[in-house]
Each structure stands twice: as C-alpha cells, then as structure tokens.
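Trainee: Before I ask anything, here is the structure I am working with.
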C-alpha cells in the first residue's frame, strides 16, 4: 500500500519518470499532446498544485516567517539584487534577440514557489520557512518583474508584455488557491472531524499534481525544443552557469545575514531554483511570433534545473553549507 510518506520520500523518482514519459509522448505523439498546449489549462493545473501547497502552510504561524526578518531580507536580497545582477551579466553571452532575452529574463528573474519546497526539504534546509515565504516571493516577483524587464529590455518589454497575463496569473495561480486554502483551514478549526479529513486529503495533492503539471508542460512543449535547437544550445550553458554560480554567491549572503544552517540552505535553494512552471502561462499568452520560442526557452530551463536539483540536494548540505560539528552531533 502506498502511503503519503512513502510517496513524498520517492517523489524525485516520480518526477523523473514523469519527465521521461512526457518527453517520449511529446516527441512521438506531438499531435495528441498539443491538447495541453494552452496557457489557461496550464494555469489551472498549477493553481490546483498551489492549493495543495498552501493547505500545508500553517497560516496561524505566518507571523513566524515575518518574525524571522533576517531570513526574509536575505531571501529578498538574494532574489532581487544578486540574481538580477548575475542574470544581466550572463545575458551578455546570449544571442541578442528579443524573444531569447525575454524568455531567459522571464524564467531566471522569478524565484520558484512550488517544487523548491520539496528540494529544500531533501537538501536538509528549512522547508517550513521556504513554504511560508512563497506568498511573499510571488507577490514581490509579480511587482518587480515588469520593472526588471523594462530596465533590461526598455520600451520593447512594455510593448510586448501586457499586464493582463500577469494579473490573470496572480488571480488564478495565487489568490484563488490561497483563499481556498485559508477557508479550508478555517473550516477545519470549526469542524475538526470533517475539516481535518479535508486537510489530510489535500495533503496528498502536491506530489501527484506536481507530476501532472510537469507532464502537461513537458509533453505539450517538448516538440518545440527541436524546432529551436540551434538557439537553445546557446542558452543551456547560461542556465548551467547560473545554477553553478548562485549557491556560491548566496553562501556569502546568508553568512552576512548570520542565518542558521538550515535557513541558509533554504535561501540557497531559492536562489538557484526558478519559477518556470508559473511563468510559462505568461509566455504562452505572448503574441504568436514570440510565444513558441519563449516557451521553448522556459521549458528548457525546467529540464536543466530538475537535473541540477538532483545535484543540489547532495552538494548544498554536504559541500556548500555543511552542518557545524556541534549541530551535526546534536541531531
């Protein structure tokens, strides 16, 4: 019998298997998989995933995230000062084509708010703080992303990227699931039997929904990668370099903010893990002559990143930010 604990323990291999199946179907049966190629459908799947994530947030303890100001300042400094500088420097090595730059900026300037929690846990970081910070990260990235695009791309960004898809993504992917999760937790406090049952059922959502999200995204978009391989082969080294640099840079940031080891690891995972699944609907909502290439660039980052995360979960706790001797002996 499959228990939730066993499912969560083996979730990485669930995602790897999902990626393999999705890629195979997308490459060999592209006509069938194009059924999923719509930003509204992808947004709905992601919103259900976020609902499952949000139900696990103890909102009565939300003050804990804001109470840990050093963690909040560290994660904001990393994602909105260090990351943009690194991204801009790396973008100088990219083909200077607007769709290419937009795709890379969209995905690398936005911190992950979904599976980063999973990998933070697997990498022995403070996944609770990471989970509590997700609403903060999403709101801030939706506010700051248009500003960064304008700084990096000028008027062209405002002409191509309309605010509509951003507002739509915010409402569907964050506001609605967040409100439903809060209502569910409120009901569970009033009606402990029925409410607790609903919370336990919703706790099963994240892993299968993450797998479903990866399946929908990869199977519907993988065929586009072969069409733009000449461009993507120039983008992949930038993604790899980003994942190599950010843990090293962030290590000094977390030391500067004097974070404990587990909180520091959470910030490092946040720095290296990007929000590809959430920004993909924004790419698909772009004009047709841009959307296909931008979506291919974003999906490529997802694949590179998931491979990198398998290295992160070993590298970050064992090399980048190791346990102190006295902490390790006490655990």
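Using the three backbone atoms N, Cα and C, a Cβ is placed for every residue, glycine included.
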Trainee: Tell me which of 165-187, 257-279 corresponds to the transmembrane segment entry in TrEMBL.
Mentor: 165-187
Trainee: Of the residue ranges 12-29, 282-299, which one carries the transmembrane segment annotation in TrEMBL?
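Mentor: It is 12-29 that TrEMBL describes as transmembrane segment.
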Trainee: Relative to the transmembrane segment (199-222), which of 12-29, 71-90, 228-254 accounts for the most Cβ pairs at distances under 8 Å?
Mentor: 12-29
Trainee: For the transmembrane segment (102-122), which recorded stretch in the set 41-59, 71-90, 129-153, 228-254 gives the largest number of Cβ pairs separated by under 8 Å?
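Mentor: By the under-8 Å Cβ criterion, the transmembrane segment (102-122) pairs most with 129-153.
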Trainee: With pairs fewer than 6 apart in sequence excluded, do the transmembrane segment (41-59) and the transmembrane segment (71-90) have three or more C-beta pairs that lie under 8 Å?
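Mentor: No; fewer than 3 Cβ pairs under 8 Å.
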Trainee: Report, as numbers and ranges, every residue of the chain located at least six residues beyond the transmembrane segment (129-153) whose Cβ falls under 8 Å of a Cβ in that stretch; write 'none' if there are none.
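Mentor: For the transmembrane segment (129-153), the far contacts come to 53-54, 56-57, 61-62, 64-65, 68, 71-72, 75-76, 79-80, 84, 88, 91, 98, 101-102, 105-106, 109-111, 113-114, 116-117, 120, 161, 163, 166, 169-170, 173-174, 178, 263, 266, 269-270, 275, 278.
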